[in-house]
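Student: Handing you a structure now.
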């Protein structure tokens, strides 16, 4: 690992590194404007007039991002300027779609549906609070590595908790991944994901030399020694346990995928990828053979239309929505995304595809791509190994989660219960992902910050006034 | 660690590309297939959210959409429900559209090409698109008389304007309330549909067009037309009319209705044979004419087996395969495999009444844009010319005789000469006969041609169906000020 001073990417002392905070401010303003425009279109299309609460919503939403911006300007001035605008536009779009589905629910009038959009705005506020706390308190991301093992344990506990709790508090739609207390539903897996990524990053930085170097060459591949397989096997077992006891293919796939990729990045050994894919394929095959619910899930995925009235109903409805949306979509408020069950959470992407069309959905995917690639760029630029691995893991986690979710609702992969980061309805996911972005912002600040604090303007020694060195 | 990180970045690009390609495949390539899938209710609910056009009879809307407060925005209503049900059909959330609601869906829903420019202006002016109206050729008086005549029986009435082919009346019983099938309450829709399905005769079937039945002696008009068209026969030509005809090549003995005798001399004129509907005379006549002449004439009258679109698709009518002279004999009295829809029977009468020219039957008089401007109007079309005007005159004379002094006396209308033909068709199995009457009035200048069909009526065409036909024709002629 290169020390800070020898990294060629580090800005040479004396050059002024632009903070790009004004770019961020401009883009954030743009994201807020887009959100307000979208909300107005929804209101006018569905109810014919703007709702009075729109001003409150707009003010609140703009205030959230103003706070975020000010905190970043003050505490992480060199942070990547694109991360937050991407998150702002995604969460704004999510709030719009949730509000839109609220209106559809109220129109149906079948049952008194509570409005979810204000709740989601509240969750976003909590998310922003978490973001501010992380950015303010965590002045250096390397501090996290000190608590890595604690966080790893917390992650495991969070992951395992729903499996241990009685089904009455932990099971929703067959997946045992919830903790429901006093009207609140929390998916601890979302927080476990971040804790475990921190742990993986610290652990792998520690052990990367052993895992990378001690190897045997078999058939042109650098294979690790048997005993070094321990960690990957452990994570594999945990993933399989999640799959079996929580019936949650999504978290299982997410966790294992992130770990294998981080292992690969840490060791630079492609053989880990092959071992990982092999292990997961084997585990998945076993699960398919042994467990009915996995088999049903896979069969439904292979031919959803054959099960259109049963397990395939959601996916088929999602495909109907996407297909009906076509190239340009039905327009915000013009489609029937409420026909898809749980459109607000699991299937929000198909609601976007139906109303904003192919163009809208691809635009959303590209915004995610921007977010992820900026995160990966941060990990390329940051100078310490832990930061590199952590940023890479977090960025990849967002990408991998989006791939698994979108793949699921479009029939590319078996359906999982994962949520679309920042967009889908769900407090845990939103808050946890704000935490994730906070860490990324912190690392990106470290990555772009000049190696040493900008010195005062150079002056000839002789001309320099005498001053008291105070720092 | 930067090299693998770059590879991860590229992999993410690949994964996202996969997503984008897949979304393209779903939203572009499979778009139409998914949009039109029967399980996709979006298109239907979108249709419901537009004001659907009306179906109009004599200036009155018999099917119309009224705004509602629920999500489907418009409710389809049929103010005179059962009266026009066989024609309008229904527009159901659960069962889709039926009859005219189905056949004219493009106009009613507003997607018809003739409404295109209108839709385009709607797009730019932001007006809610709405459907066009369909104005029917039906006459309210005829329809009411027809439905009233069929009250309590299973059957159908079709009335045509002989000179244009316009359908003046189309009744089918038992009937139903299309409004209940078009409600917004799926549970009630299903319950009502099950109730209808459990009935002996499903009311949703339009018996006037969608099913065909043995016509019995009505077919003798066609055999007469075939004979007269040869030039070798006139109404006065004397033909054999034995009490019993042993069908050639068999020991089957064909008798007259009720084992009666047609003529003490065992022969009679063609006009007399038709007047009293002599079976043996027409069986022998058909055999003498040969299969080709009988078949050609039946086809010329429209019995080609082809299905018409009026615009609902009808069942076909045909005389079936004829394997032997014996079969030809039975065919010639409208039994064996001869099948006619009541519409076809009315077409036979209409062609005779229209100087031998058969007009294409049609139900739609006008198509109107939502602002009531007429965008299309029916243009009467000739379907065929089964007989010459001279032969038509001779047939008219013979059919007049049927009503004035023969089996069709019950169809008489005071002050008006009526021409017609009765039919009593045996049905296989131990069930009562079908009773038919076809005719037109006034005989010398026909304004209306009708066919009345009563399934398993249990009497004869003369006493069950002829009176209904008389009432229907009278209702029309009185309505026209005649």
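Cβ atoms are placed via backbone N, Cα and C, with glycine included.
As listed in TrEMBL for this protein:
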- A:449-471: region 'Disordered' (REGION)
- A:25-42: transmembrane segment (TRANSMEM)
- A:54-72: transmembrane segment (TRANSMEM)
- A:81-101: transmembrane segment (TRANSMEM)
- A:121-138: transmembrane segment (TRANSMEM)
- A:147-165: transmembrane segment (TRANSMEM)
- A:177-205: transmembrane segment (TRANSMEM)
- A:249-265: transmembrane segment (TRANSMEM)
- A:272-291: transmembrane segment (TRANSMEM)
- A:347-372: transmembrane segment (TRANSMEM)
- A:393-416: transmembrane segment (TRANSMEM)
- A:422-441: transmembrane segment (TRANSMEM)
Student: Are the transmembrane segment (A:422-441) and the transmembrane segment (A:81-101) near each other by the rule of at least 3 C-beta pairs under 8 angstroms (pairs 6 or more apart)?
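Tutor: By the criterion, they touch.
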Student: If you count Cβ pairs under 8 Å, which stretch among A:25-42, A:54-72, A:147-165, A:177-205 touches the transmembrane segment (A:422-441) the most?
Tutor: A:177-205
Student: Could you tell me whether the transmembrane segment (A:147-165) and the transmembrane segment (A:54-72) have 3+ CB pairs under 8 A, leaving out pairs under 6 positions apart?
Tutor: no
Student: For the transmembrane segment (A:147-165), find every same-chain residue at least 6 residues outside the stretch whose CB is under 8 Å from a CB in it, and list them.
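Tutor: Same-chain contacts beyond the flanks: 176-179, 188-189, 191-196, 198-199, 201-203, 238, 241-242, 245-246, 251, 255.
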Student: Same-chain Cβ contacts of the transmembrane segment (A:249-265) under 8 Å, 6 or more residues past its ends?
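Tutor: For the transmembrane segment (A:249-265), the far contacts come to 159, 177, 189, 193, 196-197, 200-201, 204, 211, 231-232, 235-236, 238-240, 242-243, 272-273, 276-277, 279-280, 294, 297, 388-389, 392-393, 396-397, 400-401, 404-405, 408, 414, 416-418.
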Student: What else in the chain is close to the transmembrane segment (A:177-205), if you only count residues 6 or more beyond its ends and a Cβ gap under 8 Å?
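Tutor: Residues packing against the transmembrane segment (A:177-205) from afar: 144-145, 147-149, 151-152, 154-156, 158-159, 161-162, 165, 169-171, 211, 231, 246, 248, 251, 254-255, 258-259, 262-263, 266-267, 385-386, 389-390, 393-394, 397, 417, 419, 426-429, 431-433, 435-436, 439.
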Student: Are there residues at least 6 beyond the ends of the transmembrane segment (A:393-416) whose Cβ is under 8 Å from a Cβ of it, and what are they?
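Tutor: Cβ under 8 Å, 6 or more out: 193-194, 197, 200-201, 248-250, 253-254, 257-258, 261-262, 265, 297-298, 300-301, 304, 314-315, 318-319, 322, 346-347, 349-350, 365, 368, 371-376, 378-379, 424, 433, 436, 439-440.
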